[in-house]
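Visitor: A single structure is presented below for examination.
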Amino acid sequence: MADRVMCQELATPGSHYRRPKTGVPSTNVVYANGGGSWRAAPRQTQRLPRQTVQQYATGTPATGSAGRHSGRAFATAGATEEQTVEFNGAAVMGLPATPRTTKQARNKSEEAINDLLTRIPDIGKLFDVHSRIGNGTFSTVLLGTLRRESHLPDSLRRKFAIKHHIPTSHPDRIMKELQCMTKMGGKENVVGIHCCMRYDASAAFVMPFMAHDRFQDFYTRMDVPEIRQYMRNLLVALRHVHKFDVIHRDVKPSNFLYNRRRREFLLVDFGLAQHVNPPAARSSGSAAAIAAANNKNNNNNNNNNSKRPRERESKGDVQQIALDAGLGGAVKRMRLHEESNKMPLKPVNDIAPSDAPEQSVDGSNHVQPQLVQQEQQQLQPQQQQQQQQQQQQSQQQQQPQQQSQQQHPQRQPQLAQMDQTASTPSGSKYNTNRNVSAAAANNAKCVCFANPSVCLNCLMKKEVHASRAGTPGYRPPEVLLKYPDQTTAVDVWAAGVIFLSIMSTVYPFFKAPNDFIALAEIVTIFGDQAIRKTALALDRMITLSQRSRPLNLRKLCLRFRYRSVFSDAKLLKSYESVDGSCEVCRNCDQYFFNCLCEDSDYLTEPLDAYECFPPSAYDLLDRLLEINPHKRITAEEALKHPFFTAAEEAEQTEQDQLANGTPRKMRRQRYQSHRTVAASQEQVKQQVALDLQQAAINKL
């Protein structure tokens, strides 16, 4: 029996979903093709048999030829066409028409619909599923409408995005995404959820549908006011998510939907979302961990006398352990002796105190039988003789060492090291002391650099567990460096990368196949010193093959934005020398007149004529892309940046001027100003007369 949770809003016919209000009121001015006013084409009506609907919705945008043409279809959203679509024998009237799709795309859409209806049969009882509108690694998004609203016209029918999770998705992943949308969704540009349906191992989310533009279709056509509105709404959504101490972890243009005509925004896809502890809880937790570690060290020091260091056990001790455990065979003694010579790869737990019941080699606790006790009493004289022989042998070995120390005092440090290695079992050169704390092992200096083997210090270190989830190209340096204590600054870096792509008109800006190349790309832009300092602050070590100076973000954005101008052959010819060569900067690998370095010594081509962004935009970009996550600006602080606040004040002033700019109000203002000036002149005359009278009185 399917577990089904339905909202009353869906169950009630005729009720309609109201789109969530954005953080910023929408404006009436809508830009098409970079500017101007929006004009819709005249409405046309025709009937197209068996046409698959391709619309934008929450999730990954459609790929292939369907994805390329769908942007054009939405660009003329006013010219919607009515059609008849047939799915599984059911005809749906009045859906918006789109260009024809290929046979392969149609087959994939039908396969996705059949898979959804097969795995969750109750979906077909409530919804008419029309087409696949997006797919990802862990889910597929389909377009659906309510069956009970099939009699309504297209303008009154509600559309839903049905996200079908693949059966192999982990339940925790589905639960986290459901919790995020339930707690945070439906406001502040964050996607909400209507209901969740489950059948056996399959689950589906029913979410509001929002038609949107593809990022690659509009990011080069946005002007400064539209860029400001886009980034403001993105930061509004991130601020709302971060209030719940949640990291989205997958902020990118395809997950931040934007309807350019209606100026609507929506942050979707919380499949990688992660809850983090607030800063106060993290600091208290770390303090508690330090206190617990200190208590453990104190207990270890107090129980040193009661513990039995395994690395100092001799052959006689190994035999004694075997006898205590009831294992007196020669085979067991040989096996124990071989195990005592093995080197541990990782630190193990401390040995239990002596007051605990004695354990056998296999770890079992039991009482010694009487026969074993009798054998122990018989073997005690033999054991004493063996111990005396071992002491005599050790004294004989120490005598020549003392003589050599007197003859060669310079070799004393080397002999001290030899004594330390001799104290380990079987004379091994590795330190096998298992009571070394984990902190000491992690802080130990590595000695295996540029060697063909791995040192024990590296083997004794704890494994680093750091989340690396996210889309390549949008992951910050702390994720690439595997820093375990990651915060919501991860999403702020991704927002900065989106801002950089818009300002430079380069999408995607970072594109690396692995983490090492991704770090190299960041080093190329921000320099090696910033990465080294950040790695040191995060207690990470990074090795770079060469040094690199940082680049100027303003030069970078304008050079890319007007790449056709600065890469013109005529411009290059004007800077060439007599022999036809042109000097190239060694750091940024650009011609000297196009040098992008922050501290460039070259006389570069002026950029003031091509400037299109205010200085506050570059300052905000620099703070969003701060390498050190502890110094990076938050979403709430970014919304208070002058790039947004100065524009809001200017807009408010313009609105006040427009409100007070009617002819009647202007005439009233001129009349009031004239009366004020006339009154002020009369007051001046009266004051002058009073001053003259006062002067005459003083003379008398």
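Just so you know, glycine gets a Cβ as well, placed from its N, Cα and C.
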Visitor: Quick check on the annotation: Swiss-Prot has Ile133, Gly134, Asn135, Gly136, Thr137, Phe138, Ser139, Thr140, Val141 binding ATP, so which of Lys108, Lys159, Lys163 does it put in that site too?
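Guide: For the ATP site that includes Ile133, Gly134, Asn135, Gly136, Thr137, Phe138, Ser139, Thr140, Val141, Swiss-Prot also lists Lys163.
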Visitor: Could you check what DSSP calls Asp250 (active site, proton acceptor) once collapsed to helix, strand or coil?
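Guide: Going by the DSSP assignment, Asp250 (active site, proton acceptor) belongs to neither helix nor strand, so it counts as coil.
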Visitor: Measuring Cα to Cα, how far is Asn135 (ATP binding site) from Asp250 (active site, proton acceptor) in Å?
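Guide: About 15 Å separate the Cα atoms of these two residues.
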Visitor: Which of these binding-site residues has the least crowded Cβ, counting other Cβ atoms within 10 Å: Asn135, Thr137, Ser139?
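Guide: Looking at the binding-site residues Asn135, Thr137, Ser139, the Cβ with the fewest others within 10 Å is that of Thr137.
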Visitor: Whose Cβ, among the binding-site residues Ile133, Val141, has more other Cβ atoms within 10 Å than any of the rest?
Guide: Ile133
Visitor: Using C-alpha atoms only, work out the spacing between Ser139 (ATP binding site) and Asp250 (active site, proton acceptor) and round it to an integer in Å.
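Guide: So the alpha carbons of Ser139 (ATP binding site) and Asp250 (active site, proton acceptor) sit roughly 15 Å from each other.
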Visitor: If you average pLDDT over the domain 'Protein kinase' (127-644), what do you get?
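Guide: Mean model confidence (pLDDT) across the domain 'Protein kinase' (127-644) is 78.
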